[in-house]
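**Student:** For reference, Swiss-Prot lists these features for the protein:
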- 187-202: compositional bias 'Low complexity' (COMPBIAS)
- S825: phosphoserine (MOD_RES)
- T831: phosphothreonine (MOD_RES)
- 107-144: repeat 'HEAT 2' (REPEAT)
- 162-206: repeat 'HEAT 3' (REPEAT)
- 430-467: repeat 'HEAT 6' (REPEAT)
- 1014-1051: repeat 'HEAT 15' (REPEAT)
- 1113-1150: repeat 'HEAT 16' (REPEAT)
- 1391-1428: repeat 'HEAT 22' (REPEAT)
Amino acid sequence: MYHIDCRDQLERVFLRLGHAETDEQLQNIISKFLPPVLLKLSSTQEGVRKKVMELLVHLNKRIKSRPKIQLPVETLLVQYQDPAAVSFVTNFTIIYVKMGYPRLPVEKQCELAPTLLTAMEGKPQPQQDSLMHLLIPTLFHMKYPAESSKSASPFNLAEKPKTVQLLLDFMLDVLLMPYGYVLNESQSRQNSSSSSQGSSSNSGGGSGIPQPPPGMSFYAAKRVIGDNPWTPEQLEQCKLGIVKFIEAEQVPELEAVLHLVIASSDTRHSVATAADLELKSKQSLIDWNNPAIINKMYKVYLGDIPLKTKEGAVLKPELKRDPVSTRVKLKIVPHLLRSRQAAETFPANIQVVYDGLFGTNTNSKLRTLSLQFVHHICLTCPEIKIKPLGPMLLNGLTKLINEYKEDPKLLSMAYSAVGKLSSRMPHLFTKDIALVQQLFEALCKEEPETRLAIQEALSMMVGAYSTLEGAQRTLMEALVASYLIKPEVQVRQVAVKFASTVFPSDHIPSRYLLLLAAGDPREEVHGEAQRVLRCLPGRNKKESASKQMPSFPEMVYYIQEKASHRMKTPVKYMTGTTVLPFNPAAFGEIVLYLRMCLAHSAGVVPTSQSLADMQDHAPAIGRYIRALMSSSQATASSSNKSGETNPVQIYTGLLQQLLAGVGGLPVMYCLLEAVSVYPEKLATKFVDKTEWIKSLMSSSKEEMRELAALFYSVVVSTVSGIELKSMIEQLIKATKDNHSPEVQHGSLLALGFTVGRYLAKKRVRMAEQHDLETDADLLPEQEEIIRSATETIGSFLDSTSPLLAIAACTALGEIGRNGPLPIPSEGSGFTKLHLVESLLNRIPSSKETNKMKERAIQTLGYFPVGDGVFPHQKLLLQGLMDSVEAKQIELQFTIGEAITSAAIGTNSVAARDAWLVTEEEYIPPAGAKVNDVVPWVLDVILNKHIISPNPHVRQAACIWLLSLVRKLSTHREVKSHLKEIQSAFVSVLSENDELSQDVASKGLGLVYELGNEQDQQELVSTLVETLMTGKRVKHEVSGETVVFQGGGLGKTPDGQGLSTYKELCSLASDLSQPDLVYKFMNLANHHAMWNSRKGAAFGFNVIATRAGEQLAPFLPQLVPRLYRYQFDPNLGIRQAMTSIWNALVTDKSMVDKYLKEILQDLIKNLTSNMWRVRESSCLALNDLLRGRPLDDVIDKLPEMWETLFRVQDDIKESVRKAAELALKTLSKVCVKMCDPAKGAAGQRTIAVLLPCLLDKGMMSPVTEVRALSINTLVKISKSAGAMLKPHAPKLIPALLESLSVLEPQVLNYLSLRATEQEKDVMDSARLSAAKSSPMMETINMCLQYLDVSVLGELVPRLCELIRSGVGLGTKGGCASVIVSLTTQCPQDLTPYSGKLMSALLSGLTDRNSVIQKSCAFAMGHLVRTSRDSSTEKLLQKLNGWYMEKDEPVYKTSCALTIHAIGRYSPDVLKNHAKEVLPLAFLGMHEIADEEKSEKEECNMWTEVWQENVPGSFGGIRLYLQELITITQKALQSQSWKMKAQGAIAMASISKQTSSLVPPYLGMILSALMQGLAGRTWAGKEELLKAIACVVTACSTELEKSVPNQPTTNEILQAVLKECCKENLKYKIVAISCAADVLKATKEDRFQEFSDIVIPLIKKNSLESMGVRTTKAEDENEKERELQLESLLGAFESLGKAWPRNPDTQRCYRQELCKLMCERLRLSTWKVQLGVLQSMNAFFQGLMLLEEEHADPEALAEILLETCKSITYSLENKTYSSVRTEALSVVELLLKKLEEAKQWESLTAECRGLLIESLATMETDNRPELQEKASVLKKTLESLE
């Protein structure tokens, strides 16, 4: 039975379909019946299903041909989602959804888009694909909320992770789809059927499957194309829609990164740009190290690599994805370069590299990016993960280098990558020397731009080969050697790098290669080689333990072997007649290196920097050479060299060879040194080469001549007898050769050195008492020649050539040093006295050079050394001490040395042979005569010179005294005068110049060391007393006294010079160890003098080292003080203390060890009463805080902050700046410490810091302190994150207060003085600035972490701030915080919403409109989280305010609040619509004052009303009861304005509802009429207007008699009463209202009405024609306007009130007509217009013009009167509006006359007048008037 019914129903539907003729009918039937018809498919009856199918087939044909027909998609979607529906139904339903959805208007599609997503859940894959295919094009048109929040999101995807994934996958395929792609499936089907036997897979991805687009599988392409493929333009829109969808954050950012990357590579500009911009904006938010993002990128890049799945099944061919196109790859790789994770992901990383370098579709851009990726892997991939990659990367790079030669830049990158790989994985390269060779070869052959990269790569690879052994090392030697001789400079440079780094520093063959390179012509090659060769071995034991230089014999033999080999080959070097094995530069370097090896083997630190330093090591080298010479067998045994060729002899041979060929000072020195240290064996070899030596003595270089002369003297000293005599004679002769000054100079020196050596030997012989008799016969002759030689030398002292004079002086000094001068003591001629005086006179002479003076002083000092009975010793010493000159410091050190030597005489160390004995080893000969005058010298210095009034003398004396103490430390005289010497030094400590002070301090240190224990105690106490009390030596002032030295002016004369020593002394006293002051003085070595040759001779560095060791136990007390002193503003103290620090604190961890102590000291001294200490403490603190873990001193942080805040306000600027510096550093450190990674330490730091920064920092009166505190808080909030949560209740209110406190006060001042409008703009800008301030930024950071645990404490403080907070920023900020809280933690906030509401209420009535708006805005959000009861109370409060309070501020706050609720919490408003919307309705009728903001308020109320009602009419119907109640209340208000507002609202109700029904009509009218009673008040007009509106709208309802509803009569009575009021303005409205009521009710009250109106018209006419009153012009103007208005109103009202009553008309028609006609002739155009309109109404209702009331005579009279006056208007040329209105009156008359057939009443006179006037209008400038006039004229003419 049921299925018969079904079939009947289906038949009926069929029938209806058949009858549907229009599209509209068809659409209606489909909308109604399609869903139920589809449901019938679930029928079990075959017949029913069959019938349905027939119906659907018919339907499909009809629908497909009519694209405009809409389908009931919404209903179908609901049906599709029905879980109970059978699949048969859903399968058909989706067909119609697919057909209907694209036909919908775009807005409707957007509305249904979320439903499509919901419908997808749990459906089969093809249907899901179809739905997504429908959805994607819609995304382009979707509108998303500006602020993304889950509640406002159109797609609520958060709960649908599976749907999101499906959608994202589909979107990815859409983005990958190229434009214009066609899937040729028909061909593929044939293929698949033909090749179904073979299952081999081909490049197409499977048998017979067409090639999908790059990055897609066949299936993906097919589903994107779908049933209706998109055109390229549609596809572009789809892609843009997807990008918009992602932009709107509809899906998690993480999931959509890949989509944006792919979209950014799109071929269409619009898509690529949109995606690019979005990617850039999210760049900082995306975590590129997220494995999910990176794996997706790799998967898309590489496609599905054919790997078998775990089960062993291969991926279906149609599902296999191809790799993406090169264009997409070029976009993916730059993002991989950002990611550390990408570099670690194996094997994808290597697959991408190989694809980019060698893939089939790669290009140079992709290759470049792939190489960058290789660099990225080398830099960031961790050790464990790079291991398996290394060999593959290296293979790839070498393959690229070998095969790809087109792009030099690319090659450069490849080479560079090889270098980087070698530094990461050296073991890969160590065994592969061939690779080095390959790169060296490439360096020879490649383009110049590539060479730099190869050079860099090779330099990086060096480290990989430093462990080579055996054959590998030999191979590398050969390789380096072969490339060292290549023509390309870069090749040689790299070869040097290899030679120096790959081999150890004692590896002879590589050193030899470097020596050859040192002779390279290019600076970059030889410079590097020299740097390596001259790098000195370490001084400490640990370093020296490893053999760092080759042994001297081995190196010599190797060089000799190479030299002899080279002499036989073309590489030898020719210079003039000489042939050398090496070029001069290389040879020079070789001999210097051999000298370094010699020194190293001799056990001293090798140096090749200065000859003087080298000479200091000569005795040690001498011992080694002697040992080497004596054990020649041992050296020969290591190789098969003949025993005669001793290494030393080979060495001297090489030196001689180079010296003969090229020369050179260092070479000369090396030869001289070798011979001098062992003359017995080595000098004898050169006796036959004296001529060659002489040639060297006449060299053009002075130093060369000096060294050659020394060499000559050593050689000559080995001969004796006649040979010696002849050699000396030759020299004497040569000195007289005036043609060559060089020869003279060399001979003079040689003569001096030779005589000196002769005397020294003689002295030794005499001492040893050897056979004097045997030599006696030769002696007299020799003595004679010696004397002769001395006199010859003496004769040159007065030479005009300074060169020869200096040489003579030097020669005499050498003779005097070695023995008594062989000349008379006194008398005439060249005597010792003459010599002394001559030399002494030269010292102060201005003619002499400094060099001459130096030599003269040295020579004078030597005379008593060689001569134990030198007669003029004291004269000489006195002369030296008297020769003081200003600014001759170096000279004073020389004098000091000379005085020391001369004072001790023969016991002086100057008497030794410097080549054989060091100063320390020298012991004076036992038999020498003693000529020690030290007591006398000491006495003269202490009692005369040191207390001289001349500061230069004092300084010189101090230097001499230091020299005496240093050199004669063991002398009993010095030891017995320690106190006097100390006093002398102390007196100099207070000198104004630094050098004197420094010399004195060094002297004091030495004196202390020399005393015994008792001496030391006395010395300490004296020194401390002198320093601390500042007692000074009084200097007598004579006429010659120099008061200020040059540069002394401007220095404090109050002993400021002592400040450094006072500090040192107080430092020692604080340690209870006053004697430490000496140690400090020794360490405080800060004068440059001590670095000079003369200063270094004192050896203070050794003393300092010892002092450092002695001070070590006091480090705990010293370190804090010294640390601070290093930053002292006084340069002297700073340098001294830094010197002490560097000497004592050698271990860098010392500061960390004593961190607490240092910190304590610094904090204490930050507030010292001395500015110097405060400043140094700040600077020290700044330095201390940097880069140190401060976890142990967290408790000290507040103290540091607070103290530095105080110092920031210091009286001294430099201290303030130092404090600022320290604070900035402290801020940075604290921010780092507040990182969540620090755990508990971070939490502790925040806990101690916040109170300090909030209470002390932000509230500080110092601007800089406040700024820094805020800055620090902002940074802490960024880094601390969730750790801020417990502190939020304190932090947030404090920051909110600061928003106002920190605002410039001038803004408040300006705001108070501004106009209302300016104030609003300005305050808005202020609040906006506050909201974007760092404080607000910090607050917003904190808000993220708030929850119920914190709110309890925070809310009361927040409420307090809102109520009592001062300042715009604070109050606005509070409101902003509340808004944030409602979004961050809505549920947690609910219990506190009531409190916050009541607090915000106080803000709503704030005088400042900006605060008011902020609070309203906050309230709008807050109601969302509050309880209903709280919201109701709020709304009642607002209602009360609005109705009862007159102040505008309350009205405004109500409007703002309700508007905010409507906008931000619409659901809340809907729930309370009955309370809110009536108020809104009333509010929107507020009478707006243009000047005030009421217009804005009206708009807000209107918006609230319109947004929340279903159309205004519907809204009024819905809330009619409430609306009437509130308007009644308004009418009963005491406020006139509110009454008027209520009236307007009532009028609006009646207008919009068109007809009110009882009891509402009665209620409204009663209320209005009640309001009418009484006197006139401003706005009362509105009541009248409302009455008119109500009566007009509800006239039919008023006819019925209803209890409690005023009758028409009562209403008219009340209104007419109001028309009698005196107030003209009000009267006009009342008359208009009465007229409207009369017109609506059709009542006849014309008699009463005309009695009111006609006098008004007549009065007006009289006044307007009468004389003007004497009132002011503008008042007159206003009055005239009002009268005009009343006149117009009166005429209009008469027209409206003209009744349909024949009796009344009979009474008044004549009078009224006459009145109008009169006014028509006399009035202005405005009045004419009004009269004409009234006339129109008059004739419209004139019953005379109707047949049944005809009275031809009366009518004729009226018409004549009318025609006479209307001609004026018809002929009014100026105003077309007047002509138009007049024409319409004439037209009406003619029409009425025609209808009533009363033409006879229109007399000929009338017709004539009218025709005449109409004729003038035929030329009217307005065509429509012209035409109408013409028609009317013809009508009239036809009557005649």
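Cβ atoms are placed via backbone N, Cα and C, with glycine included.
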**Student:** Could you pull out which residues elsewhere in the chain have a CB under 8 Å from any CB of the repeat 'HEAT 2' (107-144), counting only those six or more residues past its ends?
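**Tutor:** Result: 73-74, 77, 80-81, 90-91, 94, 97-98, 101, 153-157, 160, 162-163, 166-167, 170-171, 174, 223-224, 226-227, 230, 234, 237-238, 240-242, 244-245, 248, 250.
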**Student:** By Cβ distance under 8 Å, which residues at least 6 away from the ends of the repeat 'HEAT 22' (1391-1428) in the same chain are close to it?
**Tutor:** 1319-1320, 1323-1324, 1326-1327, 1351-1352, 1355-1356, 1358-1360, 1362-1363, 1368, 1371-1372, 1374-1376, 1378-1379, 1382-1383, 1434, 1437, 1449-1450, 1452-1453, 1456-1457, 1459-1465, 1467-1468, 1471, 1493
**Student:** Restricting to the chain of S825 (phosphoserine) and a gap of 6 or more, list residues whose Cβ falls under 8 Å of its Cβ, or answer none.
**Tutor:** T831, K832, L833, P871, H872
**Student:** Considering every residue in the repeat 'HEAT 6' (430-467), what is the mean pLDDT value?
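**Tutor:** The average pLDDT of the model in the repeat 'HEAT 6' (430-467) works out to 89.
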**Student:** Enter the number of other CB atoms within 10 angstroms of the CB of the residue listed as 'phosphothreonine'.
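**Tutor:** There are 18 of them.
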**Student:** Using DSSP, what is the helix/strand/coil residue split across the repeat 'HEAT 2' (107-144)?
**Tutor:** 29 helix, 0 strand, 9 coil
